[in-house]
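Written out below as structure tokens is the structure these notes cover.
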Amino acid sequence: MPRVKAAQAGRPGPAKRRLAEQFAAGEVLTDMSRKEWKLGLPIGQGGFGCIYLADTNSSKPVGSDAPCVVKVEPSDNGPLFTELKFYQRAAKPEQIQKWIRTHKLKYLGVPKYWGSGLHDKNGKSYRFMIMDRFGSDLQKIYEANAKRFSRKTVLQLSLRILDILEYIHEHEYVHGDIKASNLLLSHKNPDQVYLVDYGLAYRYCPDGVHKEYKEDPKRCHDGTLEFTSIDAHKGVAPSRRGDLEILGYCMIQWLSGCLPWEDNLKDPNYVRDSKIRYRDNVAALMEKCFPEKNKPGEIAKYMESVKLLEYTEKPLYQNLRDILLQGLKAIGSKDDGKLDFSAVENGSVKTRPASKKRKKEAEESAVCAVEDMECSDTQVQEAAQTRSVESQGAIHGSMSQPAAGCSSSDSSRRQQHLGLEQDMLRLDRRGSRTRKKAQK
């Protein structure tokens with residue numbers, strides 16, 4: 001799903017950027033730490049960059065089982081530079097491993113940064129970055145499954161995405177564009193999912209000081225229109241609550257097959273107003289997307305919790321995970337770390353032989369589509385504009401009034417969160433009664 005930008009509504013487009021020259025297999029690049037990397041075959045090309053298979057330099061050619069990829073673009077282009085800053089600050093292997101260890105995770109779906117540098121070829125300078133290699137993206141799998149994921153799979157995916165968001169948020173960044181095409185399966189383990197494309201990752205809290213809430217008409221509707229946050233619709237810089245709101249829309253689409261505003265994506269104001277209306281009436285959103293009786297109560301509780309967040313408030317990530325875990329219990333399941341991409345009907349798995357084939361294809365896929373890992377020229381210019389905006393004074397947001405700093409909100413808001421926890425317990429009890437009836 002392509003981004004829908006305000007540039008399409010009359011703003012001038014960015015200046016054209018140079019295309020990357022294609023390198024031959026076997027070319028050796030030397031990163032800033034003097035480590036050498038050998039290129040394999042190209043596996044993707046976008047508007048101005050290329051992606052190649054890569055491995056540490058040796059006398060052997062880089063094979064199809066290469067563990068890494070290298071992203072290359074002309075050094076005077078912007079996207080890779082922006083993405084590189086995120087990886088250097090937040091995605092070094094030792095940082096990720098420390099987080100996994102201290103938070104007792106099996107893995108963390110943030111690609112690891114292995115190195116970067118500049119490379120001269122034919123009198124031209126190129127910037128490159130080495131990162132992990134991945135398999136298929138979730139958008140392809142979603143479409144192959146008639147645009148449905150099972151309820152268990154949606155909840156499993158979302159738990160892992162919450163792990164990712166907590167990590168990048170704690171490292172002062174927000175993603176701003178969570179969607180299926182930016183979620184890639186591990187090349188070797190189809191039960192692991194990774195969030196990619198940090199070309200527009202926004203440093204919302206540099207040096208511990210949160211950006212202030214400020215609406216900028218020039219920035220309205222930034223992002224992928226059907227998923228972007230209400231803040232983004234109003235031209236406000238990305239924040240933690242925006243990432244969580246976007247994840248909520250993804251969950252609803254993955255489970256129901258659509259979002260209520262998808263019928264008129266040509267009108268950004270219609271999309272914005274629809275989201276505001278449904279944010280204020282989550283029950284109506286659930287009724288619209290899930291007209292059947294078996295509604296996913298955990299998603300409603302998640303959306304209710306997220307809408308209480310202030311612009312600068314630190315989310316209670318474990319509370320959100322607990323909501324989704326209660327949803328798994330309600331359907332008689334648990335967080336087993338398995339992603340089942342079988343065909344589904346009405347949120348339930350419908351087994352068919354082809355599902356094993358698709359899972360194998362997802363596991364063996366060597367395609368890292370450059371469109372899923374790089375941003376467009378328009379995104380680059382607009383990201384630069386966002387970073388240049390000076391935040392002056394707080395403005396009340398429709399989601400709630402911003403608070404100062406990067407801390408959590410006051411005790412009254414905590415009481416609202418406690419109320420949600422009580423709702424979660426009621427949801428769990430209803431799930432238990434449902435299972436007992438089924439056993440009888």
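The backbone N, Cα and C atoms fix where each Cβ goes, glycine too.
Residues annotated as domain 'Protein kinase' in Swiss-Prot, with sequence analysis given as evidence: 37-317.
Summarising the annotation, Swiss-Prot assigns SUMO2 cross-link to Lys71. Summarising the environment of Lys71 (SUMO2 cross-link), the number of other Cβ atoms within 10 Å of its Cβ, over all protein chains shown, is 26. In the three-state DSSP classification, Lys71 (SUMO2 cross-link) falls within a strand.
Using a 10 Å Cβ-Cβ cutoff, Asp177 (active site, proton acceptor) registers 25 neighbours. Reduced to three states, the DSSP call for Asp177 (active site, proton acceptor) is coil. Residues or ranges marked as active site, proton acceptor in Swiss-Prot (evidence: sequence analysis): Asp177.
Marked as phosphoserine by Swiss-Prot: Ser342 (among others). Neighbour count (other Cβ atoms within 10 Å of the Cβ, all protein chains): 18 for Ser342 (phosphoserine).
What Swiss-Prot records for Ser376 (among others) is phosphoserine, and it gives similarity to another entry as the kind of evidence.
Under the heading phosphothreonine, Swiss-Prot lists Thr378, citing similarity to another entry as support.
Under the heading compositional bias 'Polar residues', Swiss-Prot lists 379-391 (among others).
Under the heading region 'Disordered', Swiss-Prot lists 379-440.
The compositional bias 'Polar residues' annotation in Swiss-Prot covers 398-410 (among others).
Note: the Cα of Lys71 (SUMO2 cross-link) and the Cα of Ser342 (phosphoserine) are spaced 32 Å from each other. Residue pair Asp177 (active site, proton acceptor) / Ser342 (phosphoserine) shows a Cα separation of 26 Å.
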